[in-house]
Amino acid sequence: MTDNEDPKKEKKSKGTSKEVCGYPLSIFFIIVNEFCERFSYYGMRAVLVLYFKYFFHWDDDMATSTYHIFVALCYLTPILGAIVADSWLGKFKTIIYLSIVYAIGQVTLAVSAVHDITDGDRNGVPDNMTFHIVLSMVGLFLIALGTGGIKPCVAAFGGDQFGDHQERQRRTFFSVFYLCINGGSLLSTIITPILRAQECGIYSKQKCYSLAFGVPAALMVVALVVFIIGSGMYYKAEPQGNIMLDVCKCIGFAIKNRFKHRSKQFPKRQHWMDWSEEKYDKLLIAQIKMVLKVLFLYIPLPMFWTLFDQKGSRWTLQATNMDGNFGLLVIQPDQMQTVNPILILTLVPIMESVIYPLIKKCGLNFTPLRRMTVGMIMAAIAFVCAALVQLQIDKTLPTFPSASQSQLKLLNMGSNPVTVKLPDNDPLVLPAAQASDQFFTFEAESVSISIGSMTKTITLAKGRRQTLLIPSNISVVDWLLTDDLTSKPQEGNNAIRFVNGMNTTVNVSTPAADFGLIESLYYSNYSQIKNGKATFTLRSGSQSCEYSRDFGYGSSYTFLIPSTLVFGSNCQESITEAEDIKPNSVHMALQIPQYFFITAGEVMFSVTGLEFSYSQAPSNMKSVLQAGWLLTNAFGNFIVLIVAEIAKIPKQWAEYVLFASLLFAVCIIFSIMAYFYTYINPAEIEAQFKKKLDEDDDDKSQLQKEEVEMVKKESIKSHKDDTAKQTKM
């Protein structure tokens with residue numbers, strides 16, 4: 001039997017594929033291909049928003065907007081892939097060609113994350129950021145084209161490998177297929193954030209986004225190779241045409257014909273689709289009417305996806321300001337997304353085998369549309385939880401100066417306490433070798449500061465935070481002002497610097513950073529230190545001592561080396577610390593409730609929605625509904641883009657509340673639409689319609705037979721009359 005021969009006529013085999021335990025051997029290649037492809041996609045997507053934020057140094061809104069444009073494209077291109085596969089190339093060639101495009105895109109994205117390519121001065125920061133941005137955008141476009149294009153093809157291609165006698169094996173295949181999707185998602189969202197957190201580079205060490213994208217790229221290449229290896233075993237159906245094109249043409253003709261006959265002189269028809277009866281089959285028109293009823297219910301659905309897909313953007317960015325220390329385990333911000341696939345694998349069987357049967361036993365009619373409504377409510381509750389968590393985070397965040405303000409902190413480097421008088425503030429007593437507990441905010445650019453009988457006027461920088469270093473000898477002409485951070489350290493690192501209050505030069509170093517030589521009464525630049533314990537070595541000439549401290553996430557400290565420091569084996573008690581920015585103190589575990597509610601909503605909304613849609617549409621219109629479902633997801637991501645870039649809500653918790661309120665409002669609209677919806681059985685309607693058409697055909701045939709009989713009788717009668725006339729003559 002050839003590859004393109006219809007295998008459903010074959011009793012035992014499918015194409016040239018052998019069977020293993022009743023399953024075609026070819027499907028094992030398809031399952032491995034799907035696992036690798038899903039690992040590649042979700043692994044890349046898990047770290048994408050942090051790549052935009054930390055590698056490109058985009059703000060949260062720009063990173064979020066770009067992320068959701070990419071996700072929207074991934075849900076628009078499946079329609080193109082389905083049309084190409086069904087109308088032109090066939091599923092096999094479409095998967096091959098677009099997988100090549102997909103792999104090229106992944107490799108391109110991985111290359112764009114190599115900072116050494118344009119890092120001419122070898123300081124760890126690319127000199128030509130435009131090159132990296134353009135390269136990554138090209139890679140993301142190719143990925144969207146590839147992953148979206150093969151999305152509707154792979155599952156259907158796997159189903160094609162089974163014959164009619166293998167219905168049970170086909171059902172098992174789809175179960176394993178979707179298990180591979182969630183398995184690939186789960187593993188990739190655990191592994192790629194770990195790879196991202198590593199440091200790599202040729203000349204300078206930075207966060208390893210190239211490795212985090214490179215491993216998914218390698219998995220995509222593996223997926224392509226595995227799929228090609230099984231090529232000789234597949235059954236490859238010829239393209240049969242795409243029903244979506246026929247549906248679009250039929251609807252277009254109906255609209256065009258209705259517009260032509262808009263005058264009142266033409267009688268109205270029962271349904272506007274009836275205006276296509278002049279050209280299209282009545283059965284097709286009836287099937288489209290059934291589909292349009294379901295698509296009408298899809299109108300409010302994008303709002304659910306608006307909230308759902310933000311777990312990969314806004315929620316990940318939220319986690320960057322949280323504490324991921326779980327004791328023995330340290331969770332990266334982008335690893336919190338693993339909660340979703342874990343809960344999916346847990347909640348789906350619980351819902352199907354426990355919750356739904358229990359509700360049914362209670363006598364409640366929990367219809368699919370009601371399940372979807374509850375799922376939308378769950379998603380809205382998830383965003384209320386996210387808003388509450390954000391409020392707790394905001395309490396721990398510092399208040400940075402606006403563009404018209406300046407902030408000042410005081411650090412006494414002397415060995416005696418001093419009393420400082422600041423404008424509009426009470427006198428402040430600064431102990432020896434101590435800093436003020438807070439930053440003072442000023443609207444004026446010049447500030448007069450009095451210490452004892454000495455008064456100096458300090459010029460502050462607008463929109464900046466600064467620390468005034470008060471020397472032990474206050475009569476010194478110039479008092480030093482240091483520039484402090486005006487944002488939390490990125491990627492959960494801690495910004496550390498040292499101030500040397502001694503009369504000699506001091507060298508400070510640690511395995512993670514080298515602060516270099518610090519001049520007397522001067523300060524070092526900030527260095528980034530990871531969370532955990534760090535040990536600093538202080539050297540002055542032949543003398544040295546060590547200072548150790550445990551760090552959390554996202555803090556900033558200034559350490560003062562006092563003039564009274566005595567070098568020895570340990571100088572732990574001598575070093576003074578000033579906390580400029582507090583570490584993240586809100587624990588990531590507080591995000592678990594919002595992940596629970598959004599996942600419960602996904603199970604009740606997404607799984608039930610597809611089940612409902614398929615039950616309400618004719619068998620040959622499933623792809624149309626699949627396209628409509630994917631479009632709701634794409635539109636939902638565009639809504640995020642609109643809110644992030646146009647609304648520009650200053651407080652993140654307020655944005656969460658806005659999204660929750662919008663979904664609650666949409667939920668009310670959807671529940672009203674669902675209340676008036678009448679469930680149908682498309683199979684019965686089609687059967688009745690076909691029966692009616694057959695009866696009409698029988699009536700036409702009977703009428704044609706009667707007309708033929710009448711013609712025969714007339715012919716015989718006419719012949720008899722002619723014979724009689726001839727006899728008379």
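The backbone N, Cα and C atoms fix where each Cβ goes, and this holds for glycine too.
Copied from TrEMBL, the annotated features are:
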TRANSMEM  68-89  transmembrane segment
TRANSMEM  96-117  transmembrane segment
TRANSMEM  129-150  transmembrane segment
TRANSMEM  171-191  transmembrane segment
TRANSMEM  211-235  transmembrane segment
TRANSMEM  290-308  transmembrane segment
TRANSMEM  342-359  transmembrane segment
TRANSMEM  371-391  transmembrane segment
TRANSMEM  624-644  transmembrane segment
TRANSMEM  656-677  transmembrane segment
REGION    700-729  region 'Disordered'
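Between the transmembrane segment (371-391) and the stretches 68-89, 96-117, 129-150, 171-191, 656-677, the greatest number of Cβ pairs separated by less than 8 Å involves 656-677.
Between the transmembrane segment (68-89) and the stretches 129-150, 171-191, 342-359, 624-644, 656-677, it is 624-644 that has the most C-beta pairs under 8 angstroms. Counting same-chain residues at least six beyond the ends of the transmembrane segment (342-359), those with a Cβ under 8 angstroms from any Cβ of the stretch are 182, 186, 366, 595-596, 599-600, 602-604, 607. Contact between the transmembrane segment (290-308) and the transmembrane segment (656-677) is supported: at least 3 Cβ pairs lie under 8 Å, counting only residues 6 or more apart in sequence.
Among residues of the same chain six or more beyond the transmembrane segment (624-644), those with a C-beta under 8 A of the stretch's C-beta atoms are 61, 64-65, 68-69, 71-73, 75-76, 78-79, 82, 151-152, 243-244, 247, 291, 294-295, 298, 301-306, 308-310, 313, 609-610, 613-614, 617, 655, 658-659. Long-range Cβ contacts of the transmembrane segment (96-117) within its own chain (Cβ-Cβ under 8 Å, at least 6 residues beyond either end) map to 37, 40, 44, 51, 55, 81, 89, 124-126, 131-133, 135-136, 138-147, 149-150, 201-204, 206, 209-210, 212-214, 216-217, 220-221, 223-224, 227-228. The list of residues near the transmembrane segment (211-235) in space but at least 6 beyond its ends in sequence, with Cβ under 8 angstroms from a Cβ of it, reads 3, 7, 14-18, 24-26, 28-30, 32-37, 39-41, 43-44, 47, 51, 92, 95-96, 99-100, 102-103, 106-107, 109-110, 113, 157, 160-161, 188, 191-193, 195-196, 198, 200.
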